[in-house]
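Swiss-Prot annotations:
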TOPO_DOM  22-340  topological domain 'Extracellular'
DOMAIN    42-102  domain 'Ig-like C2-type 1'
CARBOHYD  ASN92  N-linked glycosylation site
DOMAIN    137-202  domain 'Ig-like C2-type 2'
CARBOHYD  ASN179  N-linked glycosylation site
CARBOHYD  ASN273  N-linked glycosylation site
TRANSMEM  341-360  transmembrane segment
TOPO_DOM  361-382  topological domain 'Cytoplasmic'
Amino acid sequence: MLLMVVSMACVGLFLVQRAGPHMGGQDKPFLSAWPSAVVPRGGHVTLRCHYRHRFNNFMLYKEDRIHVPIFHGRIFQEGFNMSPVTTAHAGNYTCRGSHPHSPTGWSAPSNPMVIMVTGNHRKPSLLAHPGPLVKSGERVILQCWSDIMFEHFFLHREWISKDPSRLVGQIHDGVSKANFSIGSMMRALAGTYRCYGSVTHTPYQLSAPSDPLDIVVTGLYEKPSLSAQPGPKVQAGESVTLSCSSRSSYDMYHLSREGGAHERRLPAVRKVNRTFQADFPLGPATHGGTYRCFGSFRHSPYEWSDPSDPLLVSVTGNPSSSWPSPTEPSSKSGNLRHLHILIGTSVVKIPFTILLFFLLHRWCSNKKKCCCNGPRACREQK
């Protein structure tokens, strides 16, 4: 009996020793920001302190565990809504959660989390090289640049809670820029990206966001088919429709043109022949060129199929293989207009030249007669 009591006491002591470091503050919680730690000035963010399960009570610290004045002496429950966010809120944060059974009553501090406040400088630009459509496994470079001399650039993917990627800006030809490399494209890296810039003395006060850039991973599903109605060669001014179809049940089709800045998208419609199709009307005034289409599903809009085989659309009788824009006159109409101007100008100039020649000829004839008859005749003529 005594041996059993001693054994239970040893087990209890062992459990206390194991629990002590966790409940006594050695097991770190983590601090989260929702919807994102990158917050526009005037926006809002909710901070929560977690440890396995969310703490009922927690305290917030900013920069080296110093209380922010609005946090001083306050214990938060569930979460803290920071609104409206100002530049004063930018910086490093940690939290401590309450542990009723720990000696100190509080956990160890969490790892720091950075709150970045945006909208403090003019937005930079974001480009993808070689382009925003990236085949699975291939490399893409996202370049953030600005004519403002930013010391650092940040790249952030929407709806991702982790801190943005950060690079030092390189100055070249009066432009500050940074190249963010994605070495091997995969599903997890596709999405909408924005970039920001910051200056040295305020590293967590960022510029306005760049325009959004959608990075799409392709080559994940079988390719659809692309055809032209009435055909890939049409008469000038004739309408043409491009049809993208597949037996795969794609929800959306995307049409891209080589050299085009934007793709067009249309929902797929199920046809009686059990194919899923979308018809893209180009109309008589859109450009010809080489087209491809892709398919995607509703639940993964940034994950596309292999591209269809390329389809060259051209205009017969037009050497440029493209239709003129409604706001741009064709070369033929421009030449005719130039010819009309030349003809009109010539009609005015020819009679004027004849009249000038006639007057000059008459003047010379009178002068010749004057010289033949002598000075007296000339004076009489005057």
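Numbers run from 1 along the shown chain.
Every residue, even glycine, has its Cβ placed from backbone N, Cα and C.
The glycosylation sites in question are ASN92, ASN179, ASN273, and the one with the fewest Cβ neighbours inside 10 Å is ASN273.
Cα of ASN179 (N-linked glycosylation site) to Cα of ASN273 (N-linked glycosylation site): a span of 48 Å. In this structure the alpha carbons, written CA, of ASN273 (N-linked glycosylation site) and ASN92 (N-linked glycosylation site) are 59 Å apart. For the domain 'Ig-like C2-type 2' (137-202), residue counts in helix, strand and coil come to 3 helix, 36 strand, 27 coil, using DSSP.
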